[in-house]
Amino acid sequence: MLTVRHVSGDFQTVWQAMRDFTDQRTPDTPDELWYVQHPPVFTLGQAGKPEHILAAGDIPVVKTDRGGQVTYHGPGQLVGYCLFDLRRTGTGVRELVEFIEDCLVDVLRQHGIAARADRDAHGVYVDTRKIASLGLRIRKGCSYHGFALNVDMDPEPFTRINPCGYTGLQMTTVQREATVMPSWQALEEGIRLALEKTF
C-alpha cells in the first residue's frame, strides 16, 4: 500500500528531500507517492538542451537529474513523485514509465477525457495535445521524480520553451478537456488507486 504525502516547497527543496528519502530507505521502507504544486519553475532533465528554453523571463531554470528534456511546473499542475522500490516488484525502468502513463490514461478516461499514451514521445496526450509529462530517476534500484498532470494551470509558460524538446508541442489541461471538471481529490485518489495495483 502506498503512503501518500502532500508536500510543499520549491522544486529544489523537494528534489533534495526525494534524494534524501531514496538514500536513506531500506528494503522494508514503504513506497511513497508525494503530491505537490510547485511555484513556477522550468526544469531541464539529463537530456535537456538549453536551446529549448526560448525565453525563461522571470521563471527560474533548474538543471535536474531526472530523465527527459525541459518542462514547466507551476500552480494548477498536479505533480506526483513516485518513490518506489523497483527491486521488490521486479519492475524495469521502461515498464515503470509505461505503467505510470497507463495509470494516468485510465484515470483521465474515467473522467471522460480521451487520453492516450505515446510510447515514442513519452507522456499522455489528448489527440496531439500533451496533458501529462513524465521524468524519472533510478538510484540503487529505487525511483524518484515522477509525473506532472496539467489540471487547471495557465499554459502560457509552456510557450516559452520547446516542451520535452519538441518545437511547437501544444499543451492542454484537464480543465480544458473535461466536460465535467473533476475535483483535485478525485484525480489524486484515482491515481493512487491505479498505482497501488503494482506498488
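Glycine residues also receive a Cβ, built from the backbone N, Cα and C atoms like all the rest.
Predicted automatically and left uncurated, TrEMBL annotations should be read as such.
The active site, acyl-thioester intermediate annotation in TrEMBL covers Cys164. Positions annotated as substrate binding site by TrEMBL: Arg66, Gly67, Gly68, Gln69, Val70, Thr71, Tyr72, His73, Ser133, Leu134, Gly135, Gly146, Phe147, Ala148. Residues annotated as domain 'BPL/LPL catalytic' in TrEMBL: 27-199. The site 'Lowers pKa of active site Cys' feature in TrEMBL is assigned to Lys130.
Features recorded in TrEMBL, as mapped to the structure shown.
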residue : record                                   : Cβ neighbours (10 Å)
Arg66   : substrate binding site                   : 20
Gly68   : substrate binding site                   : 22
Val70   : substrate binding site                   : 27
Tyr72   : substrate binding site                   : 26
Lys130  : site 'Lowers pKa of active site Cys'     : 22
Ser133  : substrate binding site                   : 25
Gly135  : substrate binding site                   : 24
Phe147  : substrate binding site                   : 23
Cys164  : active site, acyl-thioester intermediate : 23
Pairwise Cα distance for Gly68 (substrate binding site)/Cys164 (active site, acyl-thioester intermediate) [Å, integer]: 7
Average pLDDT across the domain 'BPL/LPL catalytic' (27-199), rounded to a whole number: 96
Whole-number Å value for how far the residue listed as 'active site, acyl-thioester intermediate' lies from Arg66 (substrate binding site) (Cα to Cα): 12
Three-state secondary structure, Cys164 (active site, acyl-thioester intermediate) (per DSSP): helix
For Tyr72 (substrate binding site), the three-state class that DSSP assigns: strand
Distance [Cα-Cα, Å, rounded] between Lys130 (site 'Lowers pKa of active site Cys') and Tyr72 (substrate binding site): 12
Residues Arg66, Gly67, Gly68, Gln69, Val70, Thr71, Tyr72, His73, Ser133, Leu134, Gly135, Gly146, Phe147, Ala148 [recorded substrate binders]: greatest CA to CA distance in Å: 15
Euclidean distance between Cα atoms of the residue listed as 'active site, acyl-thioester intermediate' and Tyr72 (substrate binding site), Å: 9
